[in-house]
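Report on the following structure.
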């Protein structure tokens, strides 16, 4: 297999990162560069890319909350958005069709409808990368995003089945027999232990689920997602997600390269691709309006809308079907691939600054919020709080217990992951679903900020700890702010933003362990560590 693409992808990925963009944009550019040079990596790259996409969907399934799909703010809002965006895009794209402009000349209403669907669908790969970088997959807006993606995938399954003129095999009903097997699959993961066997089990479940669904006439991507959902409640689910992360990210490099390798667009194709970008603001505003109408606050609606706005890689599958049926010229696949890649560029920048953007738009958005919000968005009843802990991972849990031993139940903890919140509440801890980066935090908390003496930021994401520190000071909090970090430059940045105490978990654990053990061994008098 020709492996020259690996080095090209690495170089372009580094360049993208150095200029402040997501590496995936570099991989897209690498694909176009390879296409311009006439490089053909061979069919193996397509196979790797397909496995990467399946692993991504399996990872989504591991975090999928199935009951949430039937909630109105997901089920109804997603269908309304798809239908509305389809009609809006058809109406706007009909203008160049009526004028017989370039590639639009002679397009039928069916072709326009398929192009409209392309603009309505959202990029799974893009938004999942955003959520993984923030570790917000199980945050409220993250769950909304995943729900929308699943609903769009179901629409795509129906459309592709209809396009083939066949219905799924009657054997598809036999797939329901997999549900009772979820406990057996969970036990299988336990037997695998850790590392390589667990990776192999995850890969087997992914490819096996995809193959089963394809065998009965359903979308293989949906099979990978369902396979993940079947083991999502298994004790090993989180560890499985972690061990597959590196493999998934590596294989997805191949997917972004294949987009660029679809070919170089014509001048007309580039013009059309750029023109399609002007539909992105309409798409984002429609997401925002619908989510707020269904009871989400402005912050959650904005973050979900920005994540869902880029054009979808699955839209290219719809386009390929349209080409095979003769509705679109083959050049449209390259044009739409360019449009999708270009949509990542501005949305990558905007999503990286989404939390700051909400602070600027906060006043305007809150005026449009419904009086009756969905339950996770309502005020948190903790008016007696004197200490707050954000992030209930290992460090956060230990900090919570240490503070509770001194101040009792006036310490309150928060996490964006609803599963973590449920687990901690079951242990009798005062834990709620909330984000420290929320500019509306104090209003939702219902507590006098002068009463709170200490805030501990123990979130995994340095960016979130940084934004939360700045947000606390901007909101006038004068108490102590303590945070965790992983590197010395992160320590300096947090202190610059207003943190009083920063604990480097990679550097300071050793000295702290040595100090405590030496005190217990009566080897040295206790001394205060400096952080």
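Glycine too: its Cβ is placed from the backbone N, Cα and C atoms.
Since the structure is predicted, the reported quantities are computational estimates derived from the model, not experimental observations.
Taken from TrEMBL as is:
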TRANSMEM  22-39  transmembrane segment
TRANSMEM  45-62  transmembrane segment
TRANSMEM  74-95  transmembrane segment
TRANSMEM  107-128  transmembrane segment
TRANSMEM  140-160  transmembrane segment
TRANSMEM  197-216  transmembrane segment
TRANSMEM  250-267  transmembrane segment
TRANSMEM  273-294  transmembrane segment
TRANSMEM  301-324  transmembrane segment
TRANSMEM  330-350  transmembrane segment
DOMAIN    384-503  domain 'RCK N-terminal'
Range from 45-62, 74-95, 250-267, 273-294, 301-324 with the greatest count of C-beta pairs under 8 A to the transmembrane segment (107-128): 301-324
Local confidence of the domain 'RCK N-terminal' (384-503) - pLDDT mean: 86
DSSP-assigned states of the domain 'RCK N-terminal' (384-503) in counts, ordered helix, strand, coil: 54 helix, 25 strand, 41 coil
Most Cβ pairs under 8 Å with the transmembrane segment (45-62), selected from 140-160, 197-216, 301-324, 330-350: 197-216
Contact between the transmembrane segment (22-39) and the transmembrane segment (330-350) (at least 3 Cβ pairs under 8 Å, separation 6+): yes
Contacting positions for the transmembrane segment (74-95) when only residues 6+ beyond its ends and CB under 8 Å are counted: 68, 104, 109, 112-113, 115-117, 119-121, 144, 147-148, 151-152, 155, 279, 282-283, 286-287, 290-291, 293-294
Of 140-160, 197-216, 250-267, 301-324, whichever stretch has the most CB pairs under 8 A to the transmembrane segment (330-350): 301-324
